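Per Swiss-Prot, compositional bias 'Basic and acidic residues' is recorded for 9-19, 179-213, 243-272, 339-361, 372-383, 471-482, 556-576, 667-679. Here Swiss-Prot flags 133-149, 167-178, 296-323, 414-427, 437-452, 603-614 as compositional bias 'Polar residues'. Here Swiss-Prot flags 18, 552 (among others) as phosphothreonine, drawing on similarity to another entry. Swiss-Prot lists 36, 70, 104, 183, 206, 284, 324, 623, 675, 678 (among others) with the feature phosphoserine. The region 'Disordered' annotation in Swiss-Prot covers 1-85, 111-522, 549-580, 593-679. For 383-396, the entry in Swiss-Prot reads region 'Interaction with SH3 domain of ABP1'.
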């Protein structure tokens, strides 16, 4: 075969050996190194010999492994609850457009742009007003805002353009105020600007506006007019300036300004009544603006050159002076008497009526809306639970029901008896009443006891429905006793003490046959029966003939010798009285008479006599009564005598056997038989 056909045997695969867990000895390690194969490549991972120990999963190891950023942070303070005024703030924000419209109207019809008069004599009035304003400032300490409103700034600027030049100190103050106003205006929100504009208008309103009546601008004009008229009267005729001409123009044409103010008031009333929330916001901020105006006047310098600011303070803060008078109770006397304006008075009287009508209409609308809401049915969230049925009253027991019926019957009977007795007593005569007083007293007692019906335990009471007979006799009248016959009384006495009750058991069921067939035992206590029976009997079957046949002559001779030796005690015994001999039968007496004659001839004739004595005793015991037999038994000593005789006979027989006194064998045998029979 060629080499190509021969198969190639593969090499045997070599086993890889892992490192031992425990170190081997030197010889073993050398053998392993010699036979070891090349080591495995370094790229394969080394399998650890031991399993790594698990770390305890405690809280410390858990916290150390986690990042601090992943854990939630607990807030230091509890979140503050949102205030309840948040809804009101939302309402104010929604009405910002309407407030802007009101602000534009106020800026168009602003009264503060009217030029005011300046005179050196009006400085004193400004000082008086400043004194009252200082007193009012002490009452409102919490209002510390000192920045002037933008409307007042415009007012001062208009006065500067038309009147004399202002001193440099006023310019410095104005520049400072403008800087502060500019910085504050940047911080204010739109809402705060609107409120500031409303505050400026509210600061110039009178006490009538505080009562929710808008359009008080006319009152301010009247007050300022009175003040200017007083100042004109105080001026000298020579010192007339341009400001005086302007003031005269203002006083000469008051009607045109009044018409414009009335129109403005009507427009403002309509808007405010349409949005009452805006009016409330303006009235609430009225007091704040008054405090700001007071601070402005005090912050400005008071001197002969600053007469313009003093006049503005007196004209704008007349309501504040009235309030300060009410607080401090210090009256202020004006220099000129105010003139009465009939048109303003009429308008003031008409305004409250219109306001009351509108307020009443609003109240009616609110009431109608609440009534409509109340009429609308509301679906409850949860279904109402059904009420449980009323508890059924328990039925009274039979005893309670019977007791209630009994009481009702008694009450009805008592009512009938009382009605009948009242009719009879009215018809009875007075004489009969005196005679029958004792009888009626007895009947009333009986009625009283019958009403009790055993409710109270009386002595001797057995049945609650009946009274004892002794008590009935005492309480019953003599007429009732006479009416009752002897038979009725006997029946009443022999009545049952208590009602028989039926035994409790299964109703409507028959008893088992074993129980039903049992006869009842009836005990009769009145009958007595006597029975006589014999307790014991004595019978003797030993006869005289039988003894004679059994005994031999040799035995008879031996017995005779024994009896002779014992003759002395027998004679004594015969001499002692014996009661048993008197009870012997007559045939035994005949035998006893015959025996003594034969006894002398035959000495063995005494044995039958002993037997006859036993027979006599048996006969006598049968004839005697039990008590007599017991007495004779105690006195009889026959049993003891017989025992003594037997013992003596046995001793004699023993002596004969030991001595060998028998002559023949026959005599010895006969003696043994005799001893056996004697036993």
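Even glycines carry a Cβ here, placed using N, Cα and C.
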>> Just to confirm my parser: what is the rounded mean pLDDT across the region 'Interaction with SH3 domain of ABP1' (383-396)?
In response: 81
> When you measure from the Cβ of residue 104 (phosphoserine), how many other Cβ atoms are you left with inside 10 Å?
Replying inline: 9
> Which residue counts does DSSP give the compositional bias 'Basic and acidic residues' (372-383) for helix, strand and coil?
Replying inline: 4 helix, 0 strand, 8 coil
